[in-house]
């Protein structure tokens, strides 16, 4: 199985189907499947959030996510089985998910560490922007990726 046949990436306006993505990375040789599901929360810095809107330059976003996946496969060559990453674009209401990362591996440590690496690196390198829409109609702002997440160990909110 080539590395490319172990990587599954999608940018989509559709609601993320967890079961579909878990099936994609399912592998008889894996003993663990780890995931991260990013969800739109209802507040940010005390302001009530209605929804998020995501935009991207899709070819570049996919290329950057592929690089991240290949780095993961090279770093855990004998243990990572498959990687699935889907990121939504367009409107994502409160309670719905904007990103899912699912990674299968022979052992739990590898997939847990790989998921952590993937989300931090996606947020710091992939050209995806979000705009928060507040319930009070106050000014909405476009926000880029959190540049310091991957390089700074501070525990700050996204």
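Placed from the backbone N, Cα and C atoms, the Cβ positions cover glycine too.
Look at Swiss-Prot and you will find 107, 108, 123, 130, 131, 132 tagged as substrate binding site, backed by sequence analysis. For residue 107 (substrate binding site), the count of additional Cβ atoms within 10 Å of its Cβ stands at 12 [all protein chains shown].
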Spatial neighbours of residue 132 (substrate binding site) that are distant in sequence (at least 6 apart) but have CB under 8 A: 44, 47, 49, 52, 140, 141, 143
